Protein chains: 2
Amino acid sequence: MQRTLVAETLKKVGETVTLKGWVDTVRDHGKITFLDLRDRTGIIQCVGNGLEAVSLESVIELSGKVVERPEKLINPNIVTGKVELQIEGMKVVSKAEEMPFDMNKEDLNLELPTLLDYRSLTLRHPKIKAIFKVQEVVIDAFRRALQAKDFTEFQAPSIISSAPEGGAEIFEVKYFDHTAYLAQSPQLYKSLLVSIFERVFSVNKVFRAEPSVTTRHLTEIVSLDAEFGFIEDYLEVKEMAEYVIKFILDEVSRKCAKELEMWGATIPAVSKSIPIIKLREAQEIIFKRTGRDCRKEKDFSPEDEREICKWSKEEHGSDLVFVSHYPTKYRPFYTYPDPDEPEFNQGFDLIGRGTEWMTGGRRIHDYKTLLAHAKEWGITPKNIELYLQAFRYGMPSLGGFAFGAERITMHILGLKNVREASLFPRDMERVDIRLSTIEEISANEK
Amino acid sequence: MQRTLVAETLKKVGETVTLKGWVDTVRDHGKITFLDLRDRTGIIQCVGNGLEAVSLESVIELSGKVVERPEKLINPNIVTGKVELQIEGMKVVSKAEEMPFDMNKEDLNLELPTLLDYRSLTLRHPKIKAIFKVQEVVIDAFRRALQAKDFTEFQAPSIISSAPEGGAEIFEVKYFDHTAYLAQSPQLYKSLLVSIFERVFSVNKVFRAEPSVTTRHLTEIVSLDAEFGFIEDYLEVKEMAEYVIKFILDEVSRKCAKELEMWGATIPAVSKSIPIIKLREAQEIIFKRTGRDCRKEKDFSPEDEREICKWSKEEHGSDLVFVSHYPTKYRPFYTYPDPDEPEFNQGFDLIGRGTEWMTGGRRIHDYKTLLAHAKEWGITPKNIELYLQAFRYGMPSLGGFAFGAERITMHILGLKNVREASLFPRDMERVDIRLSTIEEISANEK
């Protein structure tokens with residue numbers, strides 16, 4: 001019989017239907033069994049008489065009649081709360097093993113290693129699943145925001161032939177008889193593509209071999225990248241970045257109300273125009289507000305990030321704030337030095353809730369300047385030949401921005417660890433299963 | 001002054017505007033110069049008096065007045081053919097070096113190595129650029145087709161901890177103190193995610209270390225993957241695959257008329273329902289039609305693929321045909337054997353224009369059968385622990401399909417080499433630049 005989805009039962013009162021899904025909960029009351037069935041559209045209470053025992057999370061098919069519940073038994077917490085299914089037949093499609101922990105709690109409250117050791121099971125929990133609904137909306141909104149502005153989507157390469165920005169924190173790939181690397185960013189590709197398409201974006205994997213286990217680092221990240229040409233100045237890049245972030249936050253707010261509520265999360269407040277401030281000005285403000293003197297530092301400390309966000313909220317009503325003009329020599333070779341103060345450049349970070357959300361800025365488009373910078377930064381021009389080629393044959397002024405899908409999901413929902421915002425997080429110690437376990441398996445096989 | 005896009009000039013007759021773009025062509029007629037300016041929206045003819053010399057492909061800004069052309073000088077081949085710009089001022093933003101070959105021909109007609117050595121330049125050619133417009137539409141259509149059917153988008157991992165389907169043709173990554181690998185397919189992840197989201201799709205990179213240089217193989221591919229649960233049988237998977245392919249072809253047909261015309265390409269004819277035929281039946285048909293006896297082969301030869309497409313076109317009016325029921329032991333361990341003839345399975349390929357377009361089928365969902373198959377296929381269960389876990393805790397019947405974005409682009413446009421359908425193709429001999437060149441650079445640096 002054709003499957004009826006759980007959410008469709010509301011329109012099928014009085015009809016006999018077949019539902020298919022997972023056993024979410026079972027409450028035995030002697031002869032009568034209450035069984036909650038879950039599918040991708042929701043949960044429905046099903047009532048059976050003399051039902052055979054079935055383990056939680058098993059996949060079953062239930063046939064029966066949809067009936068209205070008496071007024072006083074309506075459950076406002078589930079979409080189908082006004083109805084229930086009177087079970088007439090049950091078929092077990094796939095019997096689940098006994099649960100290793102209680103899946104029926106509002107919060108799983110598992111330690112991270114357990115959460116990840118049982119990833120295929122823990123992802124079923126509504127609150128965990130909610131994280132990836134938010135992430136899906138973020139990524140889709142990113143694409144649609146830029147499509148609306150005439151950006152072309154491209155697929156950035158993952159395997160690269162050299163480590164253009166230095167060999168640290170880059171993964172090596174055995175590439176036939178050669179050594180290749182995994183891309184840390186699509187930066188050079190998105191820039192060169194500006195000379196082809198003017199405006200480009202991509203959603204793609206980047207890889208960071210950071211030898212540290214922190215709550216903020218993954219070795220494999222989904223990077224959301226945009227770059228565009230014919231800009232007047234770096235503020236035009238800031239405007240585009242701001243438009244994209246606002247578009248994303250609006251979409252999450254509109255489509256993920258339930259998910260935000262589950263996490264007790266609120267969308268950050270943003271002012272009509274998100275403030276932008278130079279690093280040195282920001283440091284001066286922090287000094288005045290706290291007496292802490294960071295005015296000669298090349299970057300913010302986490303403490304500074306929190307303080308400048310406080311300032312932004314108090315003075316501008318914005319949880320998000322752009323900080324620009326970092327010292328030129330500490331940023332990548334392609335960042336555009338400010339003509340009026342070349343020791344600082346027109347790159348910027350977007351800081352929100354005390355941490356970095358996004359990075360971007362204007363890039364150098366003049367071939368000679370770019371080449372000189374590349375050499376000064378210790379890069380072998382031949383290694384970035386395709387990139388430089390684009391600039392030799394006519395490149396407009398350009399800029400762009402990038403941010404990680406996992407981090408923005410973490411920031412929006414207030415997650416404690418970025419690993420929670422990746423379906424299958426990879427780090428120094430784990431690639432699905434713990435790497436120490438893999439060593440053991442491999443040793444046993446030999 | 002604010003930039004006017006080339007295509008916008010049609011609505012600005014009589015106005016003074018600033019255009020920004022690339023010098024597409026220059027025709028000098030003594031004092032008068034005709035200069036075609038190109039931006040992302042099109043090309044416009046600009047006319048100047050005593051204009052300074054400017055090299056092709058340079059980025060310039062032109063200010064001037066938009067005027068209507070006399071009736072007899074209208075150029076029907078460009079969108080802006082009814083107007084031209086009377087140049088009042090020109091600023092060279094980025095001067096291009098001399099072209100290494102003629103960019104102004106309708107066909108570039110370059111050998112593949114040259115096409116790729118100058119990738120940042122050759123991608124600007126309208127006919128080359130058209131390939132990636134088609135590819136963008138294919139990928140976007142794939143996503144929208146499945147979003148409309150309630151599929152959840154996910155991001156599949158690229159780094160994996162073991163080589164589940166054997167070590168051949170897989171890239172090794174130096175992963176801190178361990179060896180990891182690059183995923184050849186998101187198959188196991190998309191299957192396990194059916195137990196979370198029921199219906200999933202992803203657009204992601206897969207990697208194949210095939211040690212052969214053919215016109216059909218890349219080492220890095222954009223894979224379009226879908227998988228869904230609660231299917232009745234493998235024909236339901238075929239129906240979904242067919243819906244997606246038709247959706248994509250319709251979108252390409254609707255949005256890429258110009259691009260198809262440039263390549264002299266036509267969208268494949270498809271019948272109302274694309275025929276599906278078992279391998280052995282297809283081989284019988286080929287035998288009857290040609291006398292060539294392939295009835296005991298485990299797979300099609302290229303000759304067979306061409307012949308079955310001919311048959312499909314002649315008998316069913318369809319350029320595309322599904323072939324199912326390949327021998328079980330030559331397909332992956334998770335493929336669902338047909339209960340009526342277990343030596344054949346319910347996997348299928350979609351064949352079109354004499355070559356494979358897509359592969360898919362029903363998968364095993366019973367944990368014990370799956371585990372037994374895995375062992376029989378020589379797989380260490382511990383290495384696919386997360387995947388097996390999903391099946392231990394309740395998995396519905398499931399199936400899915402996958403195809404490469406580059407290959408389908410190649411097939412639609414009739415390209416001769418799949419490298420043409422990748423912005424930055426990677427193969428045994430090239431990662432942007434030729435690997436032999438990289439060796440030399442690296443040797444010189446030492």
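The backbone N, Cα and C atoms fix where each Cβ goes, glycine too.
Record features (TrEMBL):
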BINDING   B:GLU165, B:ARG208, B:THR359, B:ARG363  L-aspartate binding site
BINDING   B:ARG208, B:ALA209, B:GLU210, B:ARG216, B:HIS217, B:LEU218, B:GLU356, B:GLY404, B:ALA405, B:GLU406, B:ARG407  ATP binding site
DOMAIN    B:132-425  domain 'Aminoacyl-transfer RNA synthetases class-II family profile'
REGION    B:187-190  region 'Aspartate'
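For the region 'Aspartate' (B:187-190), DSSP puts the residue distribution at 4 helix, 0 strand, 0 coil. B:ALA405 (ATP binding site) sits 13 Å from B:THR359 (L-aspartate binding site), taking the C-alpha atoms as the reference points. Its Cβ taken as reference, B:ARG208 (L-aspartate binding site) is surrounded by 16 other Cβ atoms within 10 Å in the chains shown. With a threshold of 8 Å between Cβ atoms, the binding-site residues B:ARG208, B:GLU210, B:HIS217, B:GLU356, B:THR359, B:ALA405 that neighbour chain A are B:ALA405.
With respect to B:THR359 (L-aspartate binding site), the closest of these binding-site residues in Cα terms is B:ARG407, chosen from B:GLU210, B:HIS217, B:ARG407. Of all Cα pairs drawn from B:ARG208, B:ALA209, B:GLU210, B:ARG216, B:HIS217, B:LEU218, B:GLU356, B:GLY404, B:ALA405, B:GLU406, B:ARG407, which the record names as binding ATP, the longest spans 20 Å. Here the Cβ of B:ALA405 (ATP binding site) has 20 other Cβ atoms within 10 Å, regardless of which shown protein chain they belong to. Between the CA atoms of B:GLU356 (ATP binding site) and B:ARG208 (L-aspartate binding site) there is a gap of 17 Å, rounded to the nearest whole number. For the binding-site residues listed here (B:ARG363, B:ARG407), the lowest count of other CB atoms within 10 A around the CB belongs to B:ARG407. Counting other C-beta atoms within 10 Å of each candidate's C-beta, the binding-site residues B:GLU210, B:GLU356 are led by B:GLU356. Around the Cβ of B:HIS217 (ATP binding site), the number of neighbouring Cβ atoms within 10 Å comes to 18. The number of other CB atoms found within 10 A of the CB of B:THR359 (L-aspartate binding site), across every protein chain shown, is 18. Between the C-alpha atoms of B:HIS217 (ATP binding site) and B:ARG208 (L-aspartate binding site), the distance comes to 8 Å. In three-state terms derived from DSSP, B:ARG208 (L-aspartate binding site) belongs to neither a helical nor a strand segment and is classed as coil.
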